[in-house]
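S.K.: Encoded as structure tokens, here's the structure I'll be asking about.
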Amino acid sequence: MLRNRRGQMNTGEQSPVSTHHESTQEDDRLSEGDSQSLNGTSAQHDQGIYSPNNEAQSTAFFLLVVLLSFSTRLYKIMEPPHVCWDETHFGKMGSYYINRTFFFDVHPPLGKMLIGLAGYMTGYDGTYPFLKPGDRYEHHNYWGMRGFCASLGSCLPPFAYLTVLELSQSPTAALITAAVLAFDTGCITISQYILLDPILMFFIMGAVLSMVKFNRQRYRPFSTPWWFWLVLTGVNLSGALGVKFVGLFVILLVGMNTAWDLWSLLGDLHLSLIDFGKHVLSRVFGLILLPLFLYVTIFAVHFVVLNKSGPGDGFFSSAFQSRLIGNNLHNASMPEYLAYGSIITVKNLRIAGGYLHSHWHLYPEGVGAKQQQVTAYLHKDYNNMWLVHRSNDSDAQSGEPDLVRHGDIIQLEHKETTRNLHSHLHEAPLTKKHFQVTGYGINGTGDPNDLWQVEVCGGRKGDLVKVLRSKVRFLHRATGCVLYSSGKTLPKWGWEQVEITCSPYLKETPNSQWNIEDHINTKLPNISLSVLKPHFLEILLESHIVMIRGNSGLKPKDNEMNSKPWHWPINYQGLRFSGVNETEYRVYLLGNPVIWWLNLVSLGLYVVMVAVASLALRRGVQLDKRRIGRKHCRVLMEGGGLLLLGWLLHYVPFYTMGRILYYHHYFPAMLFSSMLTGITLDTLLQSADLWLRPPYSDWLLRGGQAMLFLAILDSFYMFHPLSYGMRGPLAHDPDSTMAGLKWMDSWEF
């Protein structure tokens, strides 16, 4: 009977039995009767804790936050009227969706799809080239894409307000959080342009808000609100991951929260194992199966929309390219299996690995043997053609030619120059531990260093080599090395094409794997390549492999600025979005220093305050007659702990990443830091009566709140030109609008 009453209980009222049961649990945990849980199930609240009496106040605060958020983000949305920073990438990708042209990006497609949809719905025709930052938009309609990103960015302060209100039950804490985000110049700037970041942060905050709302429904399991917030959490998780792989961090946060929730339910002896199983299955559906289905659906739409050949073709396998209208492999026909006497092109399977290529030019003096260059070329070209011969030159036949099999020894003759693919013990041009690959001989006549053994990856002796589909390696018979595309760009003498080597390291990698793309043999019957097209799960898997490799390949180049994770919380250095000199319209991505340093101080304060609160609760300090009570301490530890975990999950992993990093990568973590600041500072101000008596404690509380909000507003007034544009002298000039505000030498405005 008790379990049934808990399942039907409303968050705002309790039955006597339920109240007594919860009070008993609180007696056990806190050595004091306290019938209110963190989720606010009691009608009694300490001063400063949210109650129905100040619901009107919290609603008014929320409407104010919405107004301020949208007005600060949509102000001057059309300025500057030229391409800024990464708009050159994501605006162009939005155009690709409108034109249905296939492209490659290291991020999942949802963000770019939404940008393209926003542009299409607001009249943009997809014709602007987005060539480089600084190019003027002229007559092209770009406001829709910027406005869409700004609108999603405008939702962040209201979402944060509602999240902190749910965690703390304090409108003041929620308002502090919202003010910090609404008046942060960094959050404003990153929301006003055609970028993925506001879309990503929208889904991250949506997931966190939905999770917290769902936690509030724990005493109403399987009710309509309970299911609504559970499903909405899953939808937002799929959205976050569908924009960037950084969405994995919020998935981990929700997963840890869910595991703790289930662990608590398992310890409830009033809950039967059957009911517990229902809880587990419902969460598996809402937080795993539904997001996975939506995530896969995003890619299904992506592949259907982008059905025309484009700049992304070369990053994918030949089989993948055969799907794309306009690609030379689309609806083509050729022999299905590789045979002797065939003319072929051979494509490397690493990202942008290129086609096996040769030309008349020789390696220069001092670079291995002065023989014909063999490279990898990223574009389709006549010099990519090779003839397949037997090792004993006996492939001329009157009937149907023999097929090449796993383990066969072959020669590859370059069709244009008639030289054989060759290797020897000379070191490679750039990869010094590898051997040089050259073109050698004439009219197919060479030496034993021209012999290569065909190996079908995962195959057995006698297996056939299938066009497009088989992954093959070419093992050099004389040296035992494997044909390899290093990915390194040759100097001018190599026409800046990609280095080809023979690697003595035989581990299977995409660099040493190849597939047969073009295949010409008049003695064999042709088949339509449509029968070789990969199915959906294959292209889904391949696209993820290519994206992951692309992300890992984003290494800092020589003399390229690479931001460090420790730079971010201290606001060490920003990013130029637009303009450099005093004659240009300048926008500089930099967080409001007062707000960012306040967040940093609040992190330290939080740790100290949690330690003090834990000791106070452990020692049984009487707090009930103070403004700050046990409930505040629990809000600080449990609600604040959740936000601290979110900050750590979205920040610490960047220390382990080898890819190039930028300042804007910190902004998802900054959302959690700002919400933690709201709870920490509100709790600190509420504790004024711990060392002062009324009315002095009340004066300190109100004065502290007023000073905090004034400091936020004043700092926004000082630094707002960073977001809304600067013209004229630079900051070091006394006549500059930013004169005296360059507080760190590393800032570049």
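Note that Cβ sites are derived from N, Cα and C of the backbone, with glycine treated the same way.
Pulled these features from TrEMBL for this protein:
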| type | residues | note |
| --- | --- | --- |
| REGION | 1-50 | region 'Disordered' |
| COMPBIAS | 7-18 | compositional bias 'Polar residues' |
| COMPBIAS | 19-32 | compositional bias 'Basic and acidic residues' |
| COMPBIAS | 33-50 | compositional bias 'Polar residues' |
| TRANSMEM | 102-123 | transmembrane segment |
| TRANSMEM | 172-193 | transmembrane segment |
| TRANSMEM | 199-215 | transmembrane segment |
| TRANSMEM | 227-254 | transmembrane segment |
| TRANSMEM | 284-305 | transmembrane segment |
| DOMAIN | 335-391 | domain 'MIR' |
| DOMAIN | 401-457 | domain 'MIR' |
| DOMAIN | 462-519 | domain 'MIR' |
| TRANSMEM | 594-615 | transmembrane segment |
| TRANSMEM | 635-654 | transmembrane segment |
S.K.: In the same chain, who gets a Cβ under 8 Å from the transmembrane segment (172-193) while lying at least 6 residues past its ends?
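M.R.: Residues 48, 58, 61, 65, 68-69, 72-73, 76-77, 84-87, 146, 149-150, 152-154, 156-158, 160-165, 574, 577, 587-592, 595-596, 598-599, 664, 667, 670-671, 674-675, 677-679, 681-683, 685, 705, 708-709, 712-713, 715-716, 719-720, 722-723.
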S.K.: So, taking each listed stretch (102-123, 227-254, 594-615, 635-654) in turn and counting its Cβ pairs to the transmembrane segment (284-305) that are under 8 angstroms, which one gives the highest count?
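M.R.: Looking only at 102-123, 227-254, 594-615, 635-654, the most contacts with the transmembrane segment (284-305) come from 227-254.
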S.K.: Do any residues, 6 or more residues outside the transmembrane segment (594-615), come within under 8 Å Cβ-to-Cβ of it, and if so which ones?
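M.R.: Distal contacts: 180, 183-184, 186, 569-571, 633, 636-637, 640-641, 644, 647, 670, 673-674, 676-677, 679-681, 683-684, 711-712, 714-715.
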S.K.: Restricting to the same chain and to residues at least six past its boundaries, which positions have a Cβ under 8 Å from a Cβ of the transmembrane segment (227-254)?
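M.R.: For the transmembrane segment (227-254), the nonlocal Cβ contacts are 107-111, 196, 199-200, 202-204, 206-208, 210-211, 213-214, 217, 282-283, 286-288, 290-292, 294-295, 298, 547, 551, 642, 645-646, 649-650, 653, 665, 668.
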S.K.: Could you give the number of helix, strand and coil residues in the domain 'MIR' (401-457) as assigned by DSSP?
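M.R.: The counts are 3 helix, 29 strand, 25 coil.
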S.K.: Express the predicted model's confidence over the domain 'MIR' (401-457) as a mean pLDDT, rounded to an integer.
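M.R.: Residues in the domain 'MIR' (401-457) carry a mean pLDDT of 92 in this prediction.
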